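Structure record follows, encoded as structure tokens.
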């Protein structure tokens, strides 16, 4: 049985990849000093567009940026987890404060682009001069999102999750959301999740701290993860759990999915493979 009732929503930076893609590109192209000099003067998203202008003026080509992006660190078990979740029939989506060009380039390089039905991030494109342009997801100068939570001005992920939830509510079958993230901007969407959903914050990262301090505000079940192995174990554990619970409710048998998941990515029993990942209590 396919896990078609599971919607997995992931952040990108420091969740799928093991760094911040903006910092990675700036650092690898030798522009860190200028970036730090300009950082106090403008919003981050605007600064990244400015940095692409400065790099272009210094002779950096789009091919140079692509080469750097292809070297972005990503754990092999995260690649496998995403491919497995897609193979099981989950609907995978990205909600990220990176940008389209960075994300598309990295996903395509690792054969992951087709796994995602939706990528919500800051728009970007290469203009006629060969310069990468980066723009905000929300036009915060004309239409600020007004979110009271620690969301950056250019993107409130909570608004994105509400739109996703609205589209899911129109479907005949009830969907369960698994959300995985690490940053301050991932706290707002965690507040939008409902009973039966799952919030998987990366341990010792900003969203984990906020979740721990505000656990009573979150309706979803919360379970932390720390690295690529735990990312894979946690994601596939909950996909399997949700699918088996749903099948039991409907009187079906999901043993084959559970067996496939266990054999491919979770050695030993589900409990054994997942025993080191800790739940965050209410």
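Cβ atoms are placed via backbone N, Cα and C, with glycine included.
Counted within 10 Å of its Cβ, the other Cβ atoms near residue 11 (active site, nucleophile) come to 25, all protein chains included. What TrEMBL lists as active site, nucleophile is 11.
Annotated Mg(2+) binding site per TrEMBL: 11, 13, 182, in sequence order.
Taking Cβ-Cβ distances under 8 Å and a sequence separation of 6 or more, the neighbours of residue 13 (Mg(2+) binding site) in its chain are 19, 20, 21, 22, 96, 97, 98, 182, 183. TrEMBL lists 13 with the feature active site, proton donor.
Taken from TrEMBL, the feature substrate binding site covers 22, 97.
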Sorted by sequence, non-11, 13, 182 residues with Cβ within 8 Å of centre, Mg(2+): 12, 14, 15, 16, 20, 96, 181, 183, 186, 202, 205
Listed binding-site residues (22, 97, 182), ranked by Cβ neighbours within 10 Å, top entry: 97
